[in-house]
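Student: Handing you a structure now.
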Amino acid sequence: MASKEMFEDTVEERVINEEYKIWKKNTPFLYDLVMTHALQWPSLTVQWLPEVTKPEGKDYALHWLVLGTHTSDEQNHLVVARVHIPNDDAQFDASHCDSDKGEFGGFGSVTGKIECEIKINHEGEVNRARYMPQNPHIIATKTPSSDVLVFDYTKHPAKPDPSGECNPDLRLRGHQKEGYGLSWNSNLSGHLLSASDDHTVCLWDINAGPKEGKIVDAKAIFTGHSAVVEDVAWHLLHESLFGSVADDQKLMIWDTRSNTTSKPSHLVDAHTAEVNCLSFNPYSEFILATGSADKTVALWDLRNLKLKLHTFESHKDEIFQVHWSPHNETILASSGTDRRLNVWDLSKIGEEQSAEDAEDGPPELLFIHGGHTAKISDFSWNPNEPWVICSVSEDNIMQIWQMAENIYNDEESDVTTSELEGQGS
């Protein structure tokens with residue numbers, strides 16, 4: 001039996017490598033930017049910070065990322081990294097690529113540098129890290145324990161204490177187990193939600209300050225789910241509304257003004273398998289999306305949750321991340337176990353397709369990023385550079401990329417499919 005499994009693994013590995021080679025050959029046609037960077041350890045989390053600096057007379061801008069580590073029994077860190085992203089006028093040429101390193105060059109002086117700027121000791125791997133919108137120096141993290149940690153990275157040395165001691169500014173208590181979901185309220189400073197394997201969602205107000213030492217107890221614990229709560233998200237326009245999704249296949253909408261924490265305002269059987277993630281649309285107060293182990297992304301309208309608006313189908317395995325674009329109301333991306341990051345355009349739902357196009361996926365599937373050869377752990381849309389995404393996968397690879405403008409601008413591409421498929425063969 002073992003040999004059969006080994007054989008299947010080898011075949012899969014071969015297929016993955018083959019697909020990667022084809023992807024790499026086609027990058028000049030498909031992307032305006034691709035930067036591939038091997039991290040020292042895999043990161044389970046990634047988020048762009050909102051800050052951007054444009055150095056005088058340089059052909060790049062500086063951006064920052066929040067990352068974490070997932071080591072093999074070595075010291076873990078919360079990481080802030082600095083990234084050089086070439087300006088539009090710095091000619092990026094994806095065809096200049098060093099095939100051994102998987103590095104893409106061709107920016108003139110910029111080689112798409114990525115440097116670790118701050119490393120802070122962390123207790124165990126960083127399951128997820130998210131900055132507080134009202135003060136991006138403040139970062140909350142999910143740990144392998146039940147504690148949620150809060151760090152103000154300006155109060156920590158750039159190089160971690162060699163003792164390995166983890167010294168968070170606050171320690172948030174209320175969960176019994178670890179988890180992944182984490183969401184800061186963009187309308188109420190300091191209000192943080194966390195989802196856990198203990199079937200609950202905790203809410204803290206970090207402004208309340210610690211009761212003793214650095215410990216802050218949960219302000220409320222929401223107990224509606226009957227299984228692991230995978231993700232939680234505040235509504236972006238209503239300060240008291242949030243959503244949670246869980247392995248009980250349900251999406252729940254909660255209102256913190258309600259006098260009960262055991263029953264949500266709305267409950268919907270969202271998928272036919274575990275629901276792993278959700279995201280509220282930043283432009284439309286009624287629209288949200290959920291992603292599931294049933295390999296689909298579902299679109300919902302808060303005014304009528306009984307009816308699923310749309311199902312996005314193309315992923316071949318579980319979906320773990322879904323995020324709306326910060327710049328375009330109709331653009332959404334999803335990723336997960338199938339090593340693909342799909343970008344969807346709601347405005348194309350129902351468009352007519354040729355039989356040939358239909359084979360590639362539904363009309364609303366705008367783009368498939370195929371650069372990862374392992375499961376994608378997380379991704380983040382750059383808030384300052386439209387269409388730039390950073391994605392991280394389980395094999396230590398981080399990619400910063402932007403699809404070619406002709407793909408999202410609806411202009412007829414001058415690249416024929418035969419050129420793409422047959423290139424170099």
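Glycine too: its Cβ is placed from the backbone N, Cα and C atoms.
Quick paste from Swiss-Prot:
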CROSSLNK  LYS4  ubiquitin cross-link
CROSSLNK  LYS4  SUMO2 cross-link
CROSSLNK  LYS101  SUMO2 cross-link
CROSSLNK  LYS155  SUMO2 cross-link
CROSSLNK  LYS159  SUMO2 cross-link
MOD_RES   ALA2  N-acetylalanine
MOD_RES   SER3  phosphoserine
MOD_RES   LYS4  N6-acetyllysine
MOD_RES   THR10  phosphothreonine
MOD_RES   SER95  phosphoserine
MOD_RES   LYS119  N6-acetyllysine
MOD_RES   LYS159  N6-acetyllysine
MOD_RES   SER354  phosphoserine
REPEAT    128-173  repeat 'WD 2'
REPEAT    181-217  repeat 'WD 3'
REPEAT    228-269  repeat 'WD 4'
REPEAT    275-312  repeat 'WD 5'
REPEAT    318-369  repeat 'WD 6'
REPEAT    376-403  repeat 'WD 7'
Student: List, in sequence order, those recorded positions among SER3, LYS4, THR10, LYS119, SER354 whose Cα sits within 10 Å of the Cα of LYS159 (SUMO2 cross-link).
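Tutor: Near LYS159 (SUMO2 cross-link), where near means Cα within 10 Å, the recorded positions are LYS119.
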Student: I'd like to know which of the recorded positions LYS4, LYS119, LYS155, LYS159 has the most other Cβ atoms within 10 Å of its Cβ.
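Tutor: Answer by Cβ density within 10 Å: LYS119.
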Student: Counting only residues 6+ away from its ends, which parts of the chain sit with a Cβ under 8 Å from the repeat 'WD 7' (376-403)?
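Tutor: Contacts with the repeat 'WD 7' (376-403): 30-48, 50, 52, 61, 63, 65, 67, 83, 85, 102, 112, 114, 128, 320-321, 323, 325-328, 333, 335-336, 339-341, 343, 366-367, 369.
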Student: In this predicted model, what is the average pLDDT of the repeat 'WD 6' (318-369)?
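Tutor: Mean pLDDT, the repeat 'WD 6' (318-369): 97.
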Student: Rounded to a whole angstrom, what is the C-alpha distance between SER3 (phosphoserine) and SER354 (phosphoserine)?
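Tutor: Checking the Cα atoms of SER3 (phosphoserine) and SER354 (phosphoserine) gives a distance of 43 Å.
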Student: Going along the chain, which residues at least six beyond the ends of the repeat 'WD 3' (181-217) come within the CB cut-off of under 8 Å?
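Tutor: Hits for the repeat 'WD 3' (181-217): 128-135, 138, 140-142, 146, 148, 150, 168-175, 223, 225-234, 236-239, 242, 244, 246, 254, 256.
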Student: Give the distance between the Cα atoms of LYS4 (ubiquitin cross-link) and THR10 (phosphothreonine), rounded to the nearest whole Å.
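Tutor: Taking the Cα atoms only, LYS4 (ubiquitin cross-link) lies 10 Å from THR10 (phosphothreonine).
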Student: Could you measure between LYS119 (N6-acetyllysine) and LYS155 (SUMO2 cross-link) for me? Cα positions, answer in whole angstrom.
Tutor: 12
Student: Can you tell me how far the Cα of SER354 (phosphoserine) sits from the Cα of LYS155 (SUMO2 cross-link), in Å?
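Tutor: For SER354 (phosphoserine) versus LYS155 (SUMO2 cross-link), the Cα atoms are 57 Å apart.
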Student: So which one is it: of the modified residues SER3, THR10, which has the fewest other Cβ atoms within 10 Å?
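Tutor: Per-residue Cβ counts within 10 Å for the modified residues SER3, THR10 bottom out at SER3.
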Student: Report, as a single number, how many Cβ atoms besides its own are within 10 Å of the Cβ of SER354 (phosphoserine).
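Tutor: The Cβ of SER354 (phosphoserine) has 7 Cβ neighbours within 10 Å.
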Student: Give me the CA-CA distance between the residue listed as 'phosphothreonine' and LYS155 (SUMO2 cross-link), in Å, as a whole number.
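Tutor: Pair distance, Cα basis, whole Å: 48 Å.
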